[in-house]
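For reference, the structure is listed below as structure tokens.
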Amino acid sequence: MTGHSTKSKSKHFVIIGNGIAGVTCARHLRKADQTCQITIISGESKHFFSRTALMYIYMGHMKYEHTKPYEDWFWEKNRIALKQAWVSQVDTDKKTLIFSDDSTFDYDVLIIASGSKPNKFGWKGENLQGVQGLYSIQDLELMEKNSQAVKRAVVVGGGLIGIEMAEMFSSRKIPVTFLVREKNFWDTILPEDEAKLINRHIKEHHIDLRLETELDEILDDGTGRVKAIKTKSGDLIDCQFVGLTVGVRPNVDFLKESKIQINRGVVIDACFKTNMEDVYAIGDCAEFQEAPAADRKNIEQVWYTGRMHGETLAYNLSNSKKVPYQPGIWFNSAKFFDIEYQTYGFVPPIWGEEIESFYWEDSKGKIAIRILYQKSNQAIIGVNAFGWRLRHEYFDSAIEKGYHLEKVLGELGQASFNPEFYKSLHKEVLKQYNQENKRSIQIKKQSFLQKLIGSRA
Amino acid sequence: MKFIQKIGLVIFILALAGFSLLPFYGSYQLEKELVISETKDIHQEAMVDILQPMYGKVYTSNIKFIADFNRYFDGYNDELKSAEEWDKVIWDDYTFSLTKASATGPVSESPSLFLAVTILLGAFGALLYILPLYRNQPNGIKNDGIYHSSMKSRGLLGMITGSWLLLFYIVLYWFPAYLTNLVLMVDPLSMALSGNPASQWFLYGLIYTLAILVMGIRMFRKYRGNNYQTIRTASVMFFQLAFAFMLPEILVLFNMPWHDFKNIWPLDYSFFYDYRLEGMLGSGALGMFMLVWGIILIVVGVPLFTYFYGKRWYCSWVCGCGGLAETLGDPYRQLSDKSLKSWKIERYLIHGVLVFAVVMTAVTLANYFMEFELLGYATNELHTVYGFLIGSAFAGVIGTGFYPLMGNRVWCRFGCPLAAYLGLVQRFKSRFRITTNGGQCISCGNCSTYCEMGIDVRWYAQRGQNIVRSSCVGCGVCSAVCPRGVLKLENAGEEGRINDMPIIIGNKSISIKS
Ligand SMILES: Cc1cc2nc3c(=O)[nH]c(=O)nc-3n(C[C@H](O)[C@H](O)[C@H](O)COP(=O)(O)OP(=O)(O)OC[C@H]3O[C@@H](n4cnc5c(N)ncnc54)[C@H](O)[C@@H]3O)c2cc1C
Ligand code: SF4
Ligand code: SF4
């Protein structure tokens with residue numbers, strides 16, 4: 001070994017899972033090394049597609065082929081082999097995979113990126129026809145089949161996939177009852193004001209939103225199909241479809257028999273290494289031994305983190321110098337029906353004494369911004385925005401460098417990412433701040449010429 | 001509301017059926033006097049003779065009338081051609097004017113009534129359908145069910161619509177005589193505007209403008225709450241109505257050449273043709289202004305505005321072709337091909353047309369200034385070829401007829417030489433770009449799907465790269481449909497505009513260049 005690189009000729013990297021994590025890793029492996037062999041295996045689909053776009057297929061915004069981020073020729077051109085099959089076992093001693101049809105496949109390096117699967121909590125009736133979660137293409141196909149002749153659908157679980165499912169049905173004018181265990185929608189993540197804003201918007205879309213309501217059991221119509229559900233408070237709701245969207249868990253059951261250490265997910269260190277030599281895990285299925293940062297969980301289940309895991313592991317596999325996974329400022333986004341949500345930095349649902357909050361909501365109650373900052377020095381630590389697109393680059397450095405709250409408020413115009421000609425909201429925000437705090441911060445005025453040529457600075 | 005919409009739809013379909021059947025209605029009778037008044041002096045004698053057998057005969061359909069007309073007329077010409085008596089052959093086409101003059105019957109008696117029950121009623125029905133759209137619904141993206149719709153996803157309805165459009169354009173460009181009744185019914189309107197009877201182009205202009213206005217209102221409904229879309233749509237509606245439709249007719253009323261002040265060479269490919277130049281030069285100060293204004297737009301207007309705002313200032317704010325694409329064509333925007341292959345074809349085709357237009361114009365001008373000594377009248381042949389292939393077949397028939405098959409910007413993307421010119425400026429010297437918002441893209445594909453220009457927006461967005469493609473017309477729809485707020489059309493400093501090696505924000509372990 002020359003010690004410079006661990007690249008060796010025609011090493012075979014085998015990746016289980018063609019989601020964002022596995023595919024990103026494969027792409028960057030190929031970029032770093034033209035000679036290695038790369039195979040991606042997935043049972044769900046031959047080609048990589050965007051899981052986040054499943055709802056749009058159902059709603060008729062797109063077809064399946066539109067959700068593929070790369071054209072089909074891309075894989076061959078980059079010499080990334082694709083194999084559609086289900087892995088049923090991993091034999092780390094022989095370095096081989098065993099498929100559901102008992103055929104085998106050897107690897108030199110194994111990367112597990114097998115994603116998640118929907119949670120089920122052992123409810124009575126959870127396996128009836130017309131009861132399902134939403135994660136894969138097959139789930140979507142089933143949902144298409146199950147939604148024929150549905151007069152009412154019940155969606156259980158007030159999270160991101162739950163609200164997507166409600167929107168899906170509502171796009172087809174199928175009435176929806178939405179059961180949320182918490183006091184307000186997604187309030188384990190959102191502060192109360194924001195959660196209530198979304199409550200209102202859900203109702204505006206004629207969804208029968210039932211807060212603080214839990215599923216008790218699902219009732220059979222006698223033929224093995226769902227006919228109704230019962231809530232814990234005893235209400236019966238007639239329905240022909242029940243969506244179970246109560247979170248996801250790592251999809252690792254096929255590894256149970258192997259020597260790879262599993263807890264909730266595949267247990268890994270900060271460099272994505274499992275307990276077994278040459279076996280790594282990334283994406284939704286991976287569980288860090290130690291959370292990667294103070295504000296992070298041990299299992300990261302979003303698109304962006306999957307991508308970053310993939311990038312970082314590819315780097316480590318093609319360089320002798322290993323770097324631990326070190327995420328930057330947290331960010332995330334979602335869309336609740338028509339209201340877009342973006343968040344940057346640290347905004348928990350409730351915060352401690354040392355933190356203060358500034359919150360503004362427009363008069364119609366559909367646009368809002370919250371900025372959290374340190375009481376001591378007024379450095380901002382996080383922001384939530386609803387119906388208001390913000391510039392990632394700006395808030396990434398504002399939070400990283402701890403900009404003073406008033407500096408950020410004064411610069412909200414430039415920090416906004418809303419389309420041109422949208423109403424400028426920052427003036428109203430500033431007005432409220434100045435009133436509340438008896439301050440008189442001004443916005444930097446743009447000259448007519450600057451406005452005319454659309455200058456940002 | 002649903003009920004009113006249904007009535008609107010029924011009215012629209014009936015009016016459209018009336019419009020499509022009207023050409024076959026009424027009778028035709030040719031008289032010697034008509035031939036004398038409709039033909040040029042030098043042809044009068046011959047034409048009166050040729051058409052002799054038709055006088056006094058009542059034809060019950062335009063098909064029979066035109067068949068007879070062609071029989072006699074072509075018979076005469078064919079004989080001369082085979083005898084090689086080229087100077088006696090009549091090259092002028094009198095089919096349309098004589099058919100129109102010979103029309104008798106209800107349409108010529110009460111044209112306004114027929115205008116009212118076809119075109120105007122159709123517009124009314126369409127508005128009844130459109131105005132209640134999305135009522136009582138919150139603002140937002142209204143793309144539900146597009147791929148379940150036969151009309152919008154290349155289903156049967158789409159194919160029927162496309163075929164109708166294709167047929168309409170073919171008849172309009174090459175067999176206008178069959179449209180006599182339709183032209184007759186807009187005669188009074190044309191007389192009122194320009195003091196002249198209508199041609200098939202006036203009819204076309206009227207329908208075109210109404211289509212932009214009515215479907216523009218649909219845009220207001222569909223994109224309610226999106227100010228960029230609203231303002232941009234209002235702009236194309238205004239430019240079509242005022243600059244493309246009204247103003248040229250008013251110019252004609254004052255004996256000026258018909259002129260569309262917002263049309264720019266080389267889209268306006270005949271701008272430097274000798275008859276246009278002479279028309280402008282012979283029309284005093286205003287004519288001179290037309291010429292100077294046209295040239296300023298080409299050499300200063302295009303580069304300057306495109307530098308500051310990108311090609312969108314023209315393509316999706318001003319242009320008539322763009323105007324129709326953005327209004328009538330909006331339901332079909334998702335049908336453009338996003339493959340790399342189509343991008344390659346696009347670049348060859350559009351720049352090929354640009355070269356064709358530039359060479360043709362250069363030759364024409366050289367010839368003109370050398371007082372036709374260079375090539376004589378051979379440039380006319382070139383003009384005919386361009387006019388047929390590009391001006392009519394590509395821009396019209398394919399450009400619009402293919403909306404339901406290949407999306408609403410087929411012409412703008414593959415054929416328009418002005419778009420090619422604007423695009424070159426936009427790509428290499430402009431402040432316009434679509435900024436990608438850090439690492440927020442989830443690769444969902446909405447942006448690429450709804451890009452009418454077939455740009456694979458997601459390709460750039462998911463790697464954190466700004467979009468600076470020459471073909472982007474700045475319609476802003478990619479930005480509108482993005483569920484994660486990733487895309488923003490902006491004009492800003494050139495620094496950092498093109499980021500070939502972007503770094504996606506959010507991962508501190510490494511700096512990954514996509
Ligand atoms: C409906 C929906 C909407 C979402 N929206 C968002 C969003 O807006 N933003 C966001 O950040 N996140 C979103 N997420 C979460 C996000 O999609 C996931 O975090 C991400 O896709 C995980 O990527 P991954 O590569 O780890 O795994 P996956 O994308 O799950 O890919 C794993 C693949 O491996 C395959 N596989 C698993 N086991 C085997 C086996 N034994 N043999 C063969 N193949 C196997 C699976 O079939 C799957 O195809 C959403 C998820 C869903 C379901
Ligand atoms: S890239 Fe966006 S703005 Fe440009 S043409 Fe396509 S959809 Fe319109
Ligand atoms: S629509 Fe937005 S999130 Fe979806 S692929 Fe395009 S840029 Fe990315």
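Cβ coordinates come from backbone N, Cα and C, glycine included.
Here the structure is a predicted model, which means the values were calculated and not measured.
Under the heading transmembrane segment, TrEMBL lists B:7-25, B:113-134, B:155-175, B:201-220, B:241-259, B:279-305, B:348-370, B:385-405. The feature domain '4Fe-4S ferredoxin-type' is assigned by TrEMBL to B:432-460, B:463-492.
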Residue numbers, six or more beyond the limits of the domain '4Fe-4S ferredoxin-type' (B:432-460), whose CB comes under 8 Å of its CB atoms: 143, 306, 308-312, 325, 329, 333-334, 336-338, 340, 342-343, 346, 407-409, 412-413, 426, 466-469, 471-475, 477-479, 481-492, 497-498, 502, 504-507
Long-range Cβ neighbours of the transmembrane segment (B:155-175) (under 8 Å; 6 or more residues past either end): 20, 149, 200, 204, 332, 392-393, 396-397, 400-405
Tertiary contacts of the transmembrane segment (B:113-134), as residues 6+ beyond its ends and Cβ separation under 8 Å: 1, 4-5, 7-16, 18-19, 22, 106-107, 142, 181-182, 185-186, 188-189, 206-207, 210, 213-215, 217-218, 221-222, 224
PLDDT averaged over the residues of the domain '4Fe-4S ferredoxin-type' (B:463-492): 97
Close approaches to the domain '4Fe-4S ferredoxin-type' (B:463-492) from elsewhere in its chain (Cβ under 8 angstroms; 6 or more beyond its ends): 141, 143, 223, 226, 228-229, 232, 308-313, 315-316, 322, 326, 333, 346, 350, 409, 412-413, 419-420, 423-424, 426-427, 430-442, 444, 446-455, 457, 498-500, 502-505, 514
Tertiary contacts of the transmembrane segment (B:348-370) (same chain, 6+ residues out, Cβ under 8 Å): 265-266, 269, 271-274, 277, 379, 382-383, 386, 390, 394, 413-417, 419-421, 423, 471
Tally of residues which DSSP labels helix, strand or coil - the domain '4Fe-4S ferredoxin-type' (B:432-460): 9 helix, 5 strand, 15 coil
DSSP residue counts for the domain '4Fe-4S ferredoxin-type' (B:463-492), split into helix, strand and coil: 5 helix, 6 strand, 19 coil
